[in-house]
Every structure is written in C-alpha cells, then in structure tokens.
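Novice: Here's a structure for you.
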Amino acid sequence: EVKVTDTGQLQLVDDEGKTHKINKKTEGTIRPMHPTSVKGVDDMIRLGDLNEAGLLRNLLVRHKEGIIYTYTGSILVAVNPYQLLPIYTTEQVHMYTDRRLGELPPHVFAIADSCFFNMRRNKKNQCCIISGESGAGKTESTKLVLQFLAAVSGQHSWIEQQILEANPILEAFGNAKTVRNDNSSRFGKYIDVNFTKGGAIEGARVEQYLLEKSRVCRQAPEERNYHIFYYMLMGMSADQKKILSLGNAAEYTYLTMGNCTSCEGRDDVKEYAHFRSALKILMFTENDSWEICKLLAAILHLGNVFFLFNKFCLLLQVAPKELGKSLTERSLMTTRESVTKPLTCEQAQDGRDAFVKAIYGRLFIWVVDKINAAIYKPSEDTDVVRQSIGLLDIFGFENFNKNSFEQLCINFANEQLQQFFVKHVFKLEQDEYTRENIVWKHIDYKDNQSTLDVLASKPMNMLALIDEESNFPKGTDTTMLQKMNQHHGKGGIYIPPKNNYETQFGVQHFAGVVYYDSTGFLEKNRDALSTDLIQMVQTSANKLLKQVFQKELSSSTTKNSQASDGKKRVPTLIGQFRLSLDSLMKTLTVCQPYFIRCIKPNDFKKPMLFDRELCIRQLRYSGMMETIRIRKAGYPVRYTFQEFLDRYRVLLKTSLCDPKTVKGDWKTGKTKIFLKDSHDTMLEVERMKELNTKALLIQKVLRGYKYRRQYLRQKAGALVIQKYWRGHKGRKLYRLGFARLQAQVRSRQLHYQYKRKREAAMVLQTQIRGHLARKEWKRKRDAVILLQAYTRGGLARKALKKMKRDSITDQEMVERMFEFLPRIVGGQEGQAPVGYEVRGTKMFEIDIDDFPIEENLPKEDYDDLDEYSFSKFASMYFQGAATPTHIRQRLRQPLLYHEDEGDVLASLTVWWIILRFMGDLPEPKKQVKAPGSDDLTEESKPPTLQTVQEDSDAMVDEGPTLERPLTSLEKLHIIVGYAIVRHDLRDEIYCQICKQLQENNNRNSYFRGWILLSLCLGIFPPSERFTRYLQSFIRFAPGDYASYCAERLRRTTMNGMRGEPPSWLELQATKTKKPMIVTVKLMDNRSVNLPVDSASTSREICQALSNKIKLKDTFGFSLYVALYEKVWALGSGREHVMDAISQCEQEVKRRGGQEQHAPWRLFFRKEIFTPWHDCKEDKFSTDLIYQQIIHGLKFGEYQSEKEDDLAQLAAKHLYVQHGSDSSPEHVKETVQDCINNSLLEAKSEAKWVQMVSTAHAQGSYLSSSQKTDSVKAETVDYAREKWPMFFSRFFEVVKLSGPALPKNKFIVAINWTGITFLDEREKRLLELSFPEVTGVNTIREGKASGQAVNLLTLKGDFTLSGTAAGDMAELITMFLSGLMERSQYAVTLKEASQDDPALLSFKKGVLIIIIKDDEFPLQRGWIKGQNDSTKKTGAVPADDILILPTLMFSFFQSLLNLSPNQRKNIIQANQKETGTMERLAPFTLKEFSLEYFRCYKVISRNAAPEKLWANSREPIRQPLLKKLVGNPELSHKACVLVLNVCVPILKYMGDYPTKQMQSPLELTDQIFGPATKHEVLRDEIYCQIMKQMTINNNRFSIEQGWQLMWLCCGLFPPTQSLLKHTQRFLESRRREPLASDCLQRLQSSLRLEPRKLPPHQVEVDAIQQNSTQIFHKIHFPNDTEEVATSTRIRDLIQNISKQLKLASADGFSIFVKTHDKVLSLNDTDYFFDSLRQITDWSKKAKRIKDGGPVNVPYLVFFMRKLWFNVVPGRDSEADLIFHFPQEVPKYLRGYHVCTKEEMVNIAALLFRIKVNNDKTQFVQIPKLLKELVPLDQLKAMSENEWKKVSAGMTVEEAMVAFLKAVFRWPTFGCAFFEVKQTSEQNFPDIVRIAISKQGLTIIHPKTKDVLANHPFNRIANWCSGSTYFHMTIGSLVKGSKFLCETSLGYKMDDLITSYVNMYLRERKAVQTRNQRFN
C-alpha cells in the first residue's frame, strides 16, 4: 500500500504492516500492482501480474485468509495449512459432486470429482499425481481424494472402507516423524482404484516403492523410528507386553537414536486402537496381528543385543547358538570348501542391522501383499477392461544436511515425475498445436531431460555405474566415486568433490543442487543378506518369519543347485527401483493425468506462517511460471468435430453455422476444436440447462394432454349430472304442494281406522291365547307319556340284542358278514366261452412259496413306527377340533384339508357310508325289508365304479340314490369307488376308518371296521405322508389281522393302485385270509392253478407260468381274459389281474347274471413276435404257439382265402400227430382238429379228408423224414408271416399333431412287420415299416391326460397321446434298437475318400453291408463294412453311417433309388397339416433374415439352402445374427454363450432328446442369463425362439415355445430393427392363447427398464401352468397374509398400501427372510430380480458351505422400515397391522426406559389385548408375565400386585393406547442392535445401538444410559462387512472412527442409508418448492 507522509514523501506499507521509504535506488524496482493481485484470484491464469512476485503474493494473500487451494488451469496448488480446516465435511463432498472445474472455489474435492467425471465420460483411466517436498501435505491430499471417491461411489460398501482403512496400516509401517514432517511417508505408493461401469468402487491395488529401511536402525536427531513401534509400546496391554518382554520406548536403542520418542499432536494409544481395528477390517486374523507384534518386538530386542539374545531367539523361535553363530561369523565358499571367518564387533553390528532391515523391509512387503489380497478383486470377465483412477503419493524432493543413497533414489524418482509433468504440460501441448496448425507463440520452459540423461539415460550413466560397481566383489564407494568423476566430471549436471579425500558429490536437480555422501552407497545398493542368516531363518519355527523370507529361502535352494553353472547376478536395489519406476511411468502415460502441487509454507510446521523464500523456491522448481503462461495461452479442452457435435448438438439454434462469425478465444484445428477450461464449463452448464428445458417441454406437453383429457371427461360427466339433477329438482318442486295436502287427509283417516282395529284385535287375542295354552299343555303331557313308553321298550330290546351279539365269536361275525359268498375257485365257474372249454385238462399247482411275486424289494424299517402314532398324525393334519377317536355323529367338515369342493362333499358322503357299513349309523327306512331278509341281501342294483366316474359330482351330494338301505357290498363299492376316482380322497378314507377303530368299544362295529380296512388296503395305497402312520396303526389289529393287513398294504404299495372295486373272489379271500386260487389255461390244454392276491399283476403271473413250464423265450407271451364272445389281452406288464376279473363280474351283472358265477377264463398265449423271432431258440415256446395256431384254425381265428393253404397246415398237423400214418381215422381226427365247422358245413367232411390226405402224401417232410419240431417251427413261421395283424399289440391313441389322417382317434397296432394305424372298423389309415421310423420321444404331460409320444417318421412327425403311450414308446424303442443291433445294412451320411487301403472310401447315400467279424471294435468308433456299389471292404467310422433298422434290405431298395427332391416330395405329400394355421400363413422372420442374418450355408449342390429362420432340430453352430458373427467388440465368452443358448431352447421345447432331466428353471437360466448381462445378445434370443416356433408341426413344442416367448417379452424388448417383425410375428398368431399377452408384455417392456436377472422360479412355475397372472404370498407382522402380483417394488408397496387402505405408503418396505438374513429390497428394483438376487446369493453361499445343489426357502414380508411422521391414532389400519406387532417385541425385550406406573398401565393394555373380555384369565397373569412386562422388569413387583392390572377398553383401543404410551419415549420407532465395540475405551465392550429418525444413539445395555448421540449429518461415512460395522463421525479427515463386531451390520448400514436418502429427498423437495416460489 502506498502512503504519503506529512512531508509529502512516499512510503510503502507491506503485508506485515512494516513501512519502507522509497528512494531513487528502490524506485526502479517497484511497479504498480495489477488489480487482480490485490485480493488474489482463484485461478492464477487470470493474474495480471504474471511474474514470480505476482504468484507468490496471490498465494500469500489467500493463505492469510485461510484459503489453501488455488488453481493453475486444471492444476491444483495446495499450501499445507498445518491445522485442521472445516472444509472436508460431508456437505462439502455433496457440494463438489458432479460440478465442473471452476464452478466452485478451488478444492482438492474438485480435482477428485473431475477425475471421476472424466473417467466415466471419456471411458479412459485417470491418474492424480500429488507432488511436493516432504511435509507439503501429499499424504493428506491422497487420503482426501480417496475419501471423496469413496463418498461419490455412494455404495457404503465394505470394499470402500477396506481401501480407506489400508492407509492407517501403511502409515503405521511406512511413516515416521522427521524434522520437516510429523507424518512423513518414508516410501512411495501408487493406489489404483477400480470402478464398475456404474461408477461404484469394486477394488484397489497398492504398489509400494523404496521403503527407507535404514530408519529402522538409525534416525537423525529429533526424528523418530516408524510409528508402529511407538503405537505398540504405548497401546498394547500390560499382559501382552509382558509376554513379549517389552517396556517403554526409551529402553530401546533403535527408538532412541534421534533422542525423540514422542510426537506432538499424535496420540499413540488412540492410533494403536485405530491400527488394530484397521487390521480387522483388512481381514488380518488375531494370529496375524500377534505374529507381527512378535517380529517387531524381536527387532527391538535385537537392537539392544550385545550378543545376549535369549528374548530375541524366543520370539523368532530359533536356537540361540545358531543365531550367535550367524551374527558373529561369516561363511565363504571357496572352490573346494566352505570357510568360516569370525567378524569384528563393527562388522557383527552391521550384520545385525542388515538382518533387522531385511526383516522389517520384507514384513512391510508382506503387509502390502496382504492388504492387496483383501482389497483387490481380479476381474471375472477377462475381456472387460476396468476403469480406474490412480493416486500417486510418492516421496517429495529431499535435501538434508547429509544426503545418502536413499535421497538419490527419491530425487531420481522426482526427476522422472517432473519430466512427465514437463512432457505432458509443455512438450505434448505445443506439439499438438503445431500438428493442428494452431497459431502459437512458443514458450520456453525449464526441461530436466539433461539431468535424467546423466542420472539414468545416457550410456555409463550414474545409476548404471553404481550398479556396475556393486556387482564387482572388490568394488568400493571410493572406486565408484572415481568412475563417476571420470565419466561425468566435466558436465554441468554432476558436481565432483573438491579433492580426493572428500566423499561428497553434487547433482544439479530441477529443484536445485543436492550434495550426496557416497559412504555406504554400494552396501545399500547390494541390499544383500548373508547366507548364514538365511540358513538360520530356515531353521526358525516362526511361520511369519519364514513367510516374509519365502523368496530368499526358495532362491537359496535353487542357488545351491545352480552353483556349478556359474555366478548369477543378484538384482540390486537400484535395478529393482528402476524397474518399478518404469512400470509406474508406463501406467501414468496411458492415463489422463491431473496434478496437485503441494507447497510447504514453512519449515517449522506452524500454521499461518508463510516463508516467502521457501515458497518461491518450490514454485520455481515446479515450473509454475511456465505452467501458468502455457495454460493461459493454451487450450486444455479438445474435442474432435464429431465428438463436439454429438455432445453439444442440443445447443444448436440453426442448421447453418459458420465458425468465422463466432468470436471468442478458441481455435479450430484440422481435426479438433480447442477450448479454454472456462469454455468447457460454460458449454456443460448451458448443455444441462438446455436438456432440462427440453425435458420440461416434453413434461409440459404430456401433462397438458393428460389433464386436458381428464378435464374433458370430467366436464362431460358434470353435464350429465347437471341435466339429471335439474330434471329431478323440477319434478320434486311440482309434486311437493299436492303431496303435503294428500298426506294430511290420509293420515287422519288411517289413524281412526287403526284405533278401531286395535281395540278389536286385543279382545280376540285374549280369547285365543287362553285356548292355545290349554291345548299345548295337554299335547305335551300325552307326548311325554308316549316317549317314556317307547324309550323303556327300546332300552330293553337293545340290552337283549347286546347280550345276543356279545356271545358271537370273531370268526362267526366274519362268516355272517360274508355268508352270501359261495365257495368258488377263480376261472372255473359258469359256462366257458366258445372254444375255451377245458377238455382233458391236466392240472398243475403252483405253491405260494414258489411264486416269484417280489424282486429286489427294499427292506422296510419298522423299528421307528412307535413315533408314527395315528393320534400324532391327527394332531398335525386334522381340521378344526376333529378328534382321532370313534364317534357316531356325521362330520360337518372333512378330517383333512381339501382344495377341491367336490372332494369336500365326497368326504362327507364317504363318512356317512362308513358309519353305515360299521353299524354306527342305522340304515335309512325308506324301503320296507322283505320278511326274513338279511341286511346284506341285494335289494337293488348297486352303484358301480362306472356310475361314480360318470357322475362323481352328483354322487358327492347325499342324493336320493344313497337314501335307501344298501348291502355291505354296495357300501364297499361306493367307498372304494370314490378312492379310485378321486385320488385326493384316499388318505381321508383311511383316516375316517382309523378314527372309527380307535377307542371303539362296540365289538360289532370294531370288527366290521377292520374288515373294511383290510379290503381297502388291497385296492388303493395311502399317500407317502400317511403310509408310516398306517403301518403303525395296523400293528394293533385284532388277531391275525395285523400281519394280513400289513402284507396287503405292502403289496398294494409295491404294485400300485387298482382301477376297479374288489371282486367276489377277493371278498371270499378276505373271509378266509388265504390267497385266491385262479386257473390259467395253456394252449396245449394244460391248466395251472395259481395263488394270487389283490395286487397281483399280469407280469407276475406270466413270470410264474414261464418258470413252471420252463419257458425260455418269454417275450410276447401274455395273459388273456375270455368272457362270453369277448377275448382281450392283459399283456405282461403292470395290469392288475383282479381288475380284469372285477370287470368281468360287472359285465355279467349288467347282463342280469350273478357275479359269483361269472364265466370268465384266463389263458396264456402268444401276443406278439419280435422281428428277429427264431423258433429254434425254445422248443417249448414253439410248441405252445403251434398249439395256439391249431386252436385258432379250428375256431376261425386264423382264416385263409385259399383252402389249399388250410389243407397244407392240416396235413402238417397230421404229420406232427401221427407221422407217416395217414389212416382215414387219423385224417378225419385231424380235419376235426384243424378245420372250422363253417368250412366243414360248406364243403363236406369227406372232401376235406381227401384234400388233407393228398397234401400229406405230397409233403416234402414225409420223404425227408423231417423232425416234428421242425414242422411245428415251419407252421409257426408261416402263421407269423401270414397273419401279422393277429400277433400285434394294440394301443388306443389320440393324434395331437402331425400329418393329416381321416381320423384323429385311432388304434396303433405294433407287430414284427412295423406300425399300423387302424380305425375302429380295422380299416388301415397308415402303415409304417420300422426303417421309416426315425425316432421316438416320450414327452412331458401337456394339457392332455396321460402320456404323449412324439413319433418321428419319414412320412411326418406324429404326436400321439394315450393312457399306455409310454408302453407303446418302450415297445417301439425296443424293436428299433434290437433291429439296429442285428442289422447288416447301413447308409453313408457323408462322402469320404481314403488313401489308406484299410479304410473304406464311399460317397454320400451309398449302401454299406456291415461285416460282423470283430476285426474293428465298435467301442472304438469303427465298423467293418463292404461298399455295395464298389464291393470293396474296409473300416468305416461309426459316426459317418446310419445303421438301418431292418433284417431285409428289400424295404430300402425303392427309397434309396429316389433323388433327394423325390424323397422330399414324398414327405411333403404326407405332411398336409390339418387346421387353418398354415392357410393363414403366419408371419415369419424370412424377410428379416435376408438383411440381418448371417450368410446361408449351402449344404450340398442339390440341396436347398438351409432355412435359418425356420424350425430345426439340429443345434446351430454359429449365431443367427450377422452382427454377432466375428464381432471384434463381442468377447469370445459372449459368443460361446450365444451358441450355448440354442440347446436349452431346443430342450425346453422338447425338440432335443436329453438323457439327464433338467428343471425348467435351469433351462430358462441358460437361455436368458447371458442376454440379461449382454444387451447385444437379446435380439439373438428373440430370433432363436421365433425360429423354433416357425413351421413347427409339434403342438407340444409350439406350446413350450410360447412359454419362452412370454417370459422373454417380460424381461427385455428387442431392438428397433427387430421390434416390428416381432410384433407382426405375434399379431399373425392371435388365436394362440398367449399371443395377446406376449404383445402386452412387449409394450410394457418398451416403456420400462429391462430386467437384470433371468426369470424367478415363481414366474417359470406360473407359465408352466399356463397362468399369465403371477401371485406371490406376502406376510405381515400381525401374521395375516396378502397376495400381490409381481412388478417394481415401489409399485408393489403402493398396491399393498391401497389394498390395506393405509394413509400413506411412505416408510414401508418389502423384506425377504432367508435362513440367516432379513434383507430390505430396494424400491427401484424389480420384485423378482431382487428375489432372484437374494436367493441366488444364499444358494451360492450355502453351496460353498455344504457342497452340492441346494434349495433356499424364503419368506416375503411387508413392514414399516422408517419411522417418521408416525403418530399413533392417525392411521388405525397401520397401527393395528404394523406398528403394534413391530413395537411390542422391542418393549418386551426391555429396550425402552419406562417408569413403574407406565409399566403397569402397559401391562394392563397388553393383558386386555391378549385375553379380550375373558375374566377367567386373571388367575393366569403370573404365567403370562413374560408377554406383558419387559424381561428386565419381571421382578419389579410381586405376582399379587400384577394381578391388580386392568383396562376397560376394546382390543383395538388397547393397541392404539399402547402405541400412544410408547410414542412418548425418545426410543419409539428405533431399531435396536446389540454389538461388541473396540473403538471407545470409556464404553463397555457390549453396547446397544438404536437407529431412528433422529440419528444413531449408543446406549449402555444394562443401565440404558445414553453414551453418545450422533445425528445423521454428523456421520460422515458408514459401511458394513460380513461381521463388522464401521462409521466415521465428524469430518472425513480427522473424524472419530467407530468399529463394532456384529452379524447385523448389513441391517444397520441399510437403515442409515435409507434415513439419509429420505432426508436428502425431503431437502431436495423443499429446495425445488422454494425455487418455484422465488
């Protein structure tokens, strides 16, 4: 400031207030100050005084005002304030987030935000280089940038906290107090922070450079060793220190060399606690921490050692002798042997120090590696390049009084960084301007390249010379200095020593000259450790010591092995440092750099002291002047023209724009536009404004449209209301006057009439009431007398009847019950069907012990049946108050729960019938019994199973059919009939019977019940749930019923349920409890008596017969049933024999006969031949078939048009019977045996005798004396070929899809020749030979009942459905595989030309004859074959041929001769699809494929190109879309995923056979999973699904395809190019049930964000059931449940709130409870995405823990999460459903502080809520206390005092009153957490944390005192790990940290985040309102 004195002389007043006179000498050096320099500027580019004085003045002025940050363009200059400033709060973080550089005052946060913003905008890695002298504040700036990045990441994730907490550990080990800095970093670090695409931190990596290891052993005066030693000695507990034998810092040589053991401003105790918590956060175990302490203690002890080292040896776990030897002696290797040399005292001390430095240095590296292991997460996808921001905090430029080797390395690193700065700011900048033709005035700058050349770049540079000398064994510091003088002495950079005795040399650095003392250079550079010490480490038992020396230990062993190969150079410290520095420079070069220049204002670490000389020196060497000049003149922001247009197009006002007309300080280059920082900021601000304006315009138009439409609708409604109201009002006024007059007159008349009538009525009433009373009394008296008489008579009769009944035995009761049964043997009653009479029967008996009914039965475990009592089952599953004991009343509801209403009614009907069967209810008396008739005689036709099936719903109701007396058999048929028809009723029936048997004292009823139970056990099994309980119940049966019933249950369970009610034969067996005997007739007139039971199957009987008659070739023999004129096959499978017999009995009854005399017969005969049947294999089999054929000829079963054929067969029979004897009697007998009676009548018997005699005489067998067995075989073969249809198995089917046939319902006949489709008149619809069948698949059940089979043939693909479809597929598959196994014919699938003569050459489509001589094993993939065209033989690859399923080639001759096109025409002719679908020509992707699909692949010259857009059963080998084929941007992994999607789509649709069944969810995950991650794959999924649905004849496949399309449309939309094709595809198939729904979902997905995860199990299950509405159960805290559809969670919360009529949805949330966690779902996510994410994560965690696939059960809850604006009584619904149930548990756990009076009142309220008005419960109060009083207050009052509590109000009022009482306490609405804390010594170990709308409160768990209160605005940061929760309170820099151990950290984290976000939203809303108001 210039002042004028009184004398008129000019004086200057400087900034310190000192005055200076101006004289002529000084006048020339003074210039007027520019206005910008008076107050200072934010950006020094804007300074008018662009000189050193101006820069210094600007920094000084700002420093005085407490402003420490100043910009130089985008470079930040930070002056260390040496005090804590209030500019690092959370508010500051929010203020600088997402703001452009220069918008706000300079700040380190602004640089950090620019790094983050540019990384995301430019997709380029950033780096921030923080440079400056030691003590300038680099480390603090690094921490601040890290804190800001963690805050901006905004995830509050554990990884963020781990990265932040790495700093305290690194500082403890790598920082120390120096003269210049209390927390000086004695190592360099580069922290590379990785980010996800969304900008969240996902990991980091720390690189360390050149730790100053010498500090461990020596410190300069007033300096300390590394912090960790002082932390440990001050912070460790006395017990721990005792174990390690540690004392105070003053006791240790290594800590007292600098005569300074404390540091002002550092609390070592607190820092140690912080260090310990940081170790926990970084996953260091307690053992790791202890081992580190042991090593550090060992170092301290070794420093005190004057070669007495017991403590040291103890800690390092080495032998004292070994240690002494390795420290006092040195081993040397000569050519022959190892020589030991003793060391001097100094050498030994140096060796000890070297060992200590080695331990500490390697321990530091181990710690860094351990930190990296915790915070660095390698990328899962190697192709994805991660975005990162690197922070370089490296040692500043150092110049001490004595500088050594470390300072040279540090200053070399600073030279490198200065060169990087120079290159980036000056060189590259000016080069680009020249390249782009920008007019530019070149600026001179200070380049330090020459210094770098001398230090490291030129040949024979200084560092190379030091390295070289280090590798010479005889090299010394002196020889090194001489060499440096020799090579660099004459240059200006290196300053040699003044004389030969000095050891100092100088280097001219960019920051000035530094003199280095060369003493010890080589020793430090070699950084070698003696082999003796390494061998001693090898012997140590300390694991950590071995770990840190692992590299040396491993290399020492390799060195020994390589010793003979010659010496290998050991890497020196300089070599290692240069390598890591080069790596760092490469990393920095590829990043966009930001620079923070830290300035140290004084050397005394004092605040508000500015040393100008010191500061100007730092500004000079940092090149700040040149930087300002180039930044001021330069253009730091550049865009290519295209980038500029794309980003700022929104600012264009016109389409014509001439750059020359726009004025301003910016430039246009050849390819880029160059802008200033101010321009970029201005453009960004304008762009945001313009985008907001456009968004507002769109909103305005849409809102206008919405409200206009709403207004017009309301206006129209109002007009209608007005019209009707006016009309109504007019009419009302008109009528009002007349109505009043009429009313008056009428009221008077009516009043008079009423008065008269009332008086008359009263007289009448009096008389009538007296008469009626007298009459009623007389009636009652008579009735009572009559009732008494009848009651007495009834009781007497009942007593008599009971006396009679009790005298009857159990067996008599059974006899009486079944006395209507005659004694019969199955299959021998009544007249046998024609042709099946038993003649000359030879009987065989099969003993029950020989009967092979069971095979490989699992052993039943009956030991634990005591646990399965029927009463236990009843208590678990019975409904309502149903008991497990006998009753006589009818039930009001079934015992078990049934969803189907029909089942409920049926249960009640069955109960009624069971009571009647057991005699617990009397029979209805509608029909009069015939005199003398018994209860069990038949009075009318009973209801059969058929009637139950046909009209089951009608029967369910207790209709008139049952309101009549029924026989026991009728009742049994009704009960069993319901069980057969209604599967869900079986357990109900068993439970009803067991209930009536339990505690039944009525003997008659009890035994009838057991008979009923034993009958039921033979018909149907119970469910798996009830089986064990029933087995347990059966054990208590009377007499031998226990074993009998148990056996019946076991057999029924094994062989499955019956299809018909029990037959008479079974009733008889129940009566005797013995097996039934049935007779089976063989075709050779033998009969076999077999024991059978109710569960016997045809397979068991066929097997028993085969074993009995020693039949080997059993295939095709079946059991047949004959009744009247009908004969049908039971097959040889799981069909129940007794079902067939029951059907026969029902048929007899239907015809009016008696069931017990049903004339059914069982036969054993051949049903079907295999295509490879050979009669020679089994002569017994051939004999039986032969007899069957003869029998069939006689009875007309097998007929022939030619009589000669029959004569020939008869002649052969004559030969078989009588040989060459052809006497007339024998011939006549043969004719009678073989020729049908109708033929004998048509042509006389004599003529047939003549024809047979002639045929016999001419037969070749006569002349050759052929064996009879051979003749029989010929006959069988003849019949097999002549009548194949008579040897067929038949299946009834319905065609679901496939080529058109005259009928869709037909019979499939399968025999040895092939497959034939027949109609009901046996007309052939289609014939297929086995070679024409290409495949058979059994497919999952669709809507059709029964199974479905996909039959793939050359004539088209058929989908057939039927009850036995599975058996049909099994039979066809067996025939096909058998034929292929035996076939000798194959067709080639491709062409092959072979040079090797052993290999066969062939063309495509050639016939190969397979030669089976085992020369080439098929297992190895080779077959020997002959080319049919060339007749050459050789080996053929099995994969190149198709084996034909035939034994005769004639089938294929014609087909192979056709051309491919002719074959195609044949197939197309057979593929005329029925229905209108194809006629409508649905839209396909053909048009889309031409433009977007990859090129078509031509299969062969004749074949048509493959239709990529149409259905194919072959998985594709390449993606369909052209953009995915060879896309370089798409990773290889994604391409593989595309191809892996195809097979799951085919599998889901049933188009691809699969051996291992996969669940639908697994398949949908494989289909949609990749597309949810990679957007580029979504169109491919749509195309593949639509492709498979195009020209697809398989109906099942189409339905499954629609399910996939439905799921796909709800997950994500296709791109615009595919969208219209997809819409047309769906619109053209409107008739499909899901088409319109798919369109609707597609429209929704276009409006919304795509889903992030594949469909959830619930969605897949719903669409599998063809349900397009998805429901999910949601629970509430008061145990009620609500169901809602899937949508976004925010919408779901709104929907539930509306349904419950809550006042507001604010504060509510959806929670998911898994086995170990309760997680709150994010409002903005999709419901099913969140569910999926949680369950998948739980599955993964559980799978890792347990191994193998797992199922994760979960529950979804809807509860209040945030308790703000909650006032009890304001929203009653929320109070009752949510607030009360959520608050009561907190109160009862004793979390609140309350007075005794409050407690008593609340106990009264809770008691009222618990018992309502039930006063009898008062005595129960002592027992209920735990549910009324807080846990810690139970003993506050005596039990009698508690009994006095009472509250007179309703339950609802009591709930609200409770909430109002709790509402008065400050802890209302808090969430409480019990945690273990280690941060605060004043707090107890266990504290209670309460989180509410006020903030976070720490409470003493016992006294409930508040220990600390932290509002949310004081919590700077928080996060949670798996077992920890961490928060920072106060500022980000020096805030206090709080770490606690809890498994609920995730909940605390989520709650705090939710409350903070809520307040931020409210604040934003208030600001928006204020802006509008303003």
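Each residue, glycine too, has its Cβ placed from N, Cα and C.
All annotation found in TrEMBL is predicted automatically rather than curated by experts.
From TrEMBL, here are the annotated features:
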- 39-710: domain 'Myosin motor' (DOMAIN)
- Gly132, Glu133, Ser134, Gly135, Ala136, Gly137, Lys138, Thr139: ATP binding site (BINDING)
- 581-603: region 'Actin-binding' (REGION)
- 886-1071: domain 'MyTH4' (DOMAIN)
- 925-954: region 'Disordered' (REGION)
- 1076-1383: domain 'FERM' (DOMAIN)
- 1381-1446: domain 'SH3' (DOMAIN)
- 1511-1664: domain 'MyTH4' (DOMAIN)
- 1666-1963: domain 'FERM' (DOMAIN)
- 1887-1916: domain 'PID' (DOMAIN)
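Neighbours and distances for these, please.
Specialist: On the 0 to 100 pLDDT scale, the region 'Actin-binding' (581-603) averages 91 in this prediction.
Beyond the ends of the domain 'PID' (1887-1916), by six or more residues, the same chain brings 89-91, 1762-1764, 1791, 1793, 1866-1875, 1877, 1880, 1927-1932, 1935, 1940, 1948, 1951-1952, 1955-1956, 1959 to within a C-beta distance below 8 angstroms of the stretch.
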Novice: Is the region 'Actin-binding' (581-603) packed against any residues at least 6 beyond its ends, judged by a Cβ distance under 8 Å, and which are they?
Specialist: 59, 63, 72, 74-82, 108, 111, 114-115, 118, 122, 124-138, 141, 180, 190, 192, 207, 209, 390, 392, 396, 412-413, 416, 420-421, 424-425, 609-611, 614-615, 618-619, 622, 624
Novice: Other than Gly132, Glu133, Ser134, Gly135, Ala136, Gly137, Lys138, Thr139, which residues of the same chain sit close to ATP? List them in sequence order, counting a residue when its Cβ is within 8 Å of the Cβ centroid of the site.
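Specialist: Once Gly132, Glu133, Ser134, Gly135, Ala136, Gly137, Lys138, Thr139 are set aside, the remaining close residues are Asn80, Asn181, Ser184, Gly396, Cys598, Lys600.
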Novice: Residue counts in helix (H, G, I), strand (E, B) and coil for the domain 'SH3' (1381-1446), per DSSP?
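Specialist: Within the domain 'SH3' (1381-1446) the tally stands at 8 helix, 25 strand, 33 coil.
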Novice: Note down the number of other Cβ atoms within 10 Å of the Cβ of Ala136 (ATP binding site), including every protein chain shown.
Specialist: 25
Novice: Would you mind listing, in sequence order, the residues at least six apart from Gly132 (ATP binding site) in the same chain with a Cβ closer than 8 Å to its Cβ?
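Specialist: Listed in sequence order, they are Ala78, Lys138, Gly396, Phe397, Arg597, Cys598, Ile599, Lys600, Gln618.
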Novice: Please work out the number of neighbouring Cβ atoms within 10 Å of the Cβ of Thr139 (ATP binding site), leaving out its own Cβ.
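Specialist: Taking every protein chain into account, the count is 22.
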Novice: Taking the Cβ of Gly135 (ATP binding site) as the reference point, list residues of the same chain whose Cβ is under 8 angstroms away and which are at least six residues distant in sequence.
Specialist: Asn80, Thr178, Arg180, Asn181, Ser184, Gly396, Lys600, Asp603, Lys605
Novice: So if I measure Cβ to Cβ from Ser134 (ATP binding site) and keep only same-chain residues at least 6 apart in sequence, which ones fall under 8 Å?
Specialist: Thr178, Arg180, Asn181, Ser184, Phe395, Gly396, Phe397, Glu398, Lys600
